[in-house]
Amino acid sequence: MSSPSIAPVTPDLVRLRATARDKDDAIAQAAQLLVAAGCVAPGYDASMRRREGLANTFLGHGLAIPHGVGEDRHLVRRDGIAVLQLPEGVEWNPGQTTRLVVGIAAQSDTHITLLRRLTRLIQDPAQLEALFTTDDPAVIVAALTGDRAPDTSAAPATDLAERFEWTIAYPSGLHARPATRWAETARGFSARAQVRAGDQAADAKSLVGLLQLGLRAGDSITVSAKGSDAPALLKRLRAVMDSLTAQEKADAERAAQRRAAPVIGWTPPQAQPAIVGIGASPGVAIGIVHRLRAAQTEVADQPIGLGDGGVLLHDALTRTRQQLAAIQDDTQRRLGASDAAIFKAQAELLNDTDLITRTCQLMVEGHGVAWSWHQAVEQIASGLAALGNPVLAGRAADLRDVGRRVLAQLDPAAAGAGLTDLPEQPCILLAGDLSPSDTANLDTDCVLGLATAQGGPTSHTAILSRTLGLPALVAAGGQLLDIEDGVTAIIDGSSGRLYINPSELDLDAARTHIAEQQAIREREAAQRALPAETTDGHHIDIGANVNLPEQVAMALTQGAEGVGLMRTEFLFLERGSTPTEDEQYQTYLAMARALDGRPLIVRALDIGGDKQVAHLELPHEENPFLGVRGARLLLRRPDLLEPQLRALYRAAKDGARLSIMFPMITSVPELISLREICARIRAELDAPELPIGIMIEVPAAAAQADVLARHADFFSIGTNDLTQYVLAIDRQNPELAAEADSLHPAVLRMIRSTIDGARKHDRWVGVCGGLAGDPFGASLLAGLGVQELSMTPNDIPAVKARLRGRALSALQQLAEQALQCETAEQVRALEAQREGQA
């Protein structure tokens with residue numbers, strides 16, 4: 001491969017002995033040099049400043065590389081580099097002084113070669129100091145455009161005995177996920193293996209080494225090997241490299257479609273750079289951003305004997321691998337293989353020979369093991385971040401994260417920050433992901449909104465965000481975590497966008513929108529006790545999804561007419577042991593008494609798939625969503641099912657008005673078996689008969705609704721799981737989550753099929769999934785024939801208001817239109833059409 005050419009830098013684009021008042025002035029001067037040379041159009045400096053809000057362009061060691069955002073590439077007329085020498089320096093960020101500003105204008109990513117060269121310059125302090133003070137612009141030009149960095153001791157890489165040529169066909173280049181597969185494959189053989197790009201080569205078994213090549217789509221590489229099994233290694237590695245291409249292209253296409261999708265709801269009057277994710281909880285909020293990350297800890301250099309240090313490092317690496325394996329296994333159980341792969345890639349970093357070698361070299365020089373490890377991690381991570389590729393910047397974050405895990409084993413004082421380390425000013429919280437318990441514990445006085453790099457819109461974190469009333473977006477990708485703390489942003493949880501550094505005009509528009517929405521919510525809240533009755537007199541029952549007795553009062557205050565879903569798994573999830581029959585009985589009775597005679601539907605334990613409980617000692621499954629969960633688990637674990645049923649029937653005997661609902665029913669025999677167990681326990685306790693219903697969550701149940709209705713007293717549709725199974729999409733997969741849309745016509749047709757089957761036996765149908773809590777979704781469901789809707793309490797006023805403002809005949813017409821649509825986007829467009837006609 002021939003190395004990509006450096007963007008042109010000539011003496012007229014170098015300004016020596018300049019001074020700047022501040023960072024903005026330095027950026028303006030660099031941009032002016034580019035404008036004068038015809039490289040960019042006027043206004044490019046604004047794009048460079050917007051980039052500063054998205055990422056820190058300070059490389060360290062006195063170097064900064066301001067450049068524009070990708071959306072403004074139309075301002076670049078030709079590639080160019082402008083250099084502003086500032087001998088006296090200027091503060092780039094607090095505590096960071098820049099003495100050489102390298103302004104970049106590039107229509108593509110050809111400047112990665114320049115960034116690689118700059119990282120080498122950083123490793124030569126004497127050469128770098130000369131650039132800060134030279135009076136000759138040719139010296140700077142030579143340093144930036146020479147074939148190699150000043151260090152000439154290293155010879156160009158040569159290939160090994162066996163080889164093949166390959167062109168990178170991954171649209172995002174070689175990032176961590178495919179690089180991990182490459183390294184894993186190569187390590188399965190004894191032969192030495194190498195990947196060469198131009199005059200640079202990396203050990204094919206080293207993840208970090210592969211990433212440091214900075215390979216982009218279209219780059220040509222030579223893969224070579226030497227050893228007894230070299231031919232087999234190369235054959236297998238090439239097969240793996242080829243097999244990843246289709247998935248990488250599909251992922252890139254989905255990401256492009258998401259970015260290009262029209263914005264539904266509020267839009268800023270001025271075009272602003274936005275991080276695009278998936279809307280998870282509606283609402284708009286304005287605030288500074290705060291990135292949740294581990295604390296930056298000073299690591300003390302405490303030298304010890306090399307032998308003792310080696311033992312400490314080995315033990316720390318072993319414990320960290322065990323920790324990551326446990327996290328990976330837990331994530332696989334709860335969220336699926338896609339999210340678990342994150343921790344697999346992190347564990348792969350611990351096998352990197354460059355990282356271990358660099359640590360050992362520092363220890364040999366007499367440094368302490370913790371200090372040496374920290375320095376090695378930072379050196380390599382800084383090199384990855386400096387390549388200017390946002391994908392590789394994300395891998396630098398991964399390396400630092402796993403590095404901190406090892407550091408915590410070596411030095412417990414280096415533990416990271418948590419949710420308690422929030423700024424005094426209310427903020428929009430950014431995180432890789434949050435567990436449901438973390439989300440539930442958020443202080444809504446301190447957190448205005450939530451954005452995560454991972455996750456899906458039907459995840460439990462998203463559901464809890466809606467419960468808390470926090471605007472939230474998920475699946476925004478690694479770029480979210482590159483945003484600097486303290487930057488002002490607008491989060492729109494409806495469209496799934498985070499607008500960075502908005503203008504005053506945009507801020508004013510957002511404030512107006514927030515005030516208007518607040519006024520609407522106040523009107524809805526004032527009428528929340530009114531029934532959900534359409535303008536032509538049709539009544540829809542409204543229930544709340546509630547987990548604990550103490551939550552009932554708030555649900556009733558919001559307008560709930562009962563509890564349409566009590567998730568009993570939360571009695572098992574939030575403790576270290578299985579609740580006893582008596583403990584469950586007390587909870588169910590307390591729930592019923594809090595409802596004071598209003599209906600209560602209790603779902604039997606729904607564990608498995610995305611919900612796992614360590615103390616239940618469930619077996620590991622490769623695909624838990626298609627494994628032993630819901631009713632399948634209950635029938636296999638009478639030690640869990642029967643105490644729960646006894647507790648429920650005891651509560652009913654003592655006056656509780658309740659119904660029992662079984663999850664994940666897939667067949668008639670399952671339902672009959674469960675009914676027989678209920679009948680036996682009821683007879684043993686001499687308890688009253690209770691209505692027994694089932695969840696419709698899988699296509700098999702929807703398709704057999706007419707048959708199941710012979711044996712069930714009612715149906716409740718779980719739209720979150722039904723969507724996942726109908727569309728064959730893991731709802732936690734950030735790459736696919738945008739497509740897991742409950743408004744997909746295929747899902748709506750399954751709901752209609754369920755209703756038609758239930759009507760044959762005069763059974764009522766409810767919905768307790770996320771679609772019920774969306775006013776537009778609730779309108780569709782009512783039009784399809786759903787008789788009861790159960791939702792997060794905070795959603796009740798808006799849903800009731802929407803239903804009261806429509807005629808059933810209009811909702812039925814809307815539902816018929818939706819069933820004829822081809823995509824979820826077409827269904828959503830019906831809402832805009834209806835609102836426009838209203």
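Please read every residue number as a count from 1 along the shown chain.
A Cβ is built for glycine as well, from the same backbone N, Cα and C atoms used for every other residue.
Annotated in Swiss-Prot:
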ACT_SITE  HIS67  active site, tele-phosphohistidine intermediate
ACT_SITE  HIS175  active site, pros-phosphohistidine intermediate
ACT_SITE  HIS460  active site, tele-phosphohistidine intermediate
ACT_SITE  CYS768  active site, proton donor
BINDING   ARG567, ARG603, ASN720, ASP721, ARG731  phosphoenolpyruvate binding site
BINDING   GLU697, ASP721  Mg(2+) binding site
DOMAIN    7-147  domain 'PTS EIIA type-2'
DOMAIN    161-253  domain 'HPr'
MOD_RES   HIS67  phosphohistidine
MOD_RES   HIS175  phosphohistidine
MOD_RES   HIS460  phosphohistidine
REGION    274-838  region 'PTS EI'
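Distances between the Cα of GLU697 (Mg(2+) binding site) and those of the recorded positions HIS67, ARG603, ASN720, ASP721, CYS768 are shortest for ASP721.
In space, CYS768 is the closest of the active-site residues HIS67, HIS175, CYS768 to ASP721 (phosphoenolpyruvate binding site), judged by Cα positions.
Calculated from their C-alpha atoms, the gap between ASN720 (phosphoenolpyruvate binding site) and HIS67 (active site, tele-phosphohistidine intermediate) amounts to 42 Å. In this structure, ARG603 (phosphoenolpyruvate binding site) is part of a beta strand by DSSP. Counted with DSSP, the domain 'HPr' (161-253) comes out as 42 helix, 23 strand, 28 coil. When Cβ atoms from all protein chains are considered, those within 10 Å of GLU697 (Mg(2+) binding site) total 26, not counting its own.
In the shown protein chains, 24 other C-beta atoms lie within 10 A of the C-beta of ASP721 (phosphoenolpyruvate binding site).
Sparsest Cβ environment among the recorded positions HIS67, HIS175, ARG567, ARG603 (other Cβ atoms counted within 10 Å): ARG567. Counting every protein chain shown, 27 other Cβ atoms lie within 10 Å of the Cβ of CYS768 (active site, proton donor). In the three-state DSSP reading, ASP721 (phosphoenolpyruvate binding site) counts as helix. Comparing the Cα of ARG603 (phosphoenolpyruvate binding site) with the Cα of every entry in HIS67, HIS175, CYS768, these being the active-site residues, the smallest distance points to CYS768.
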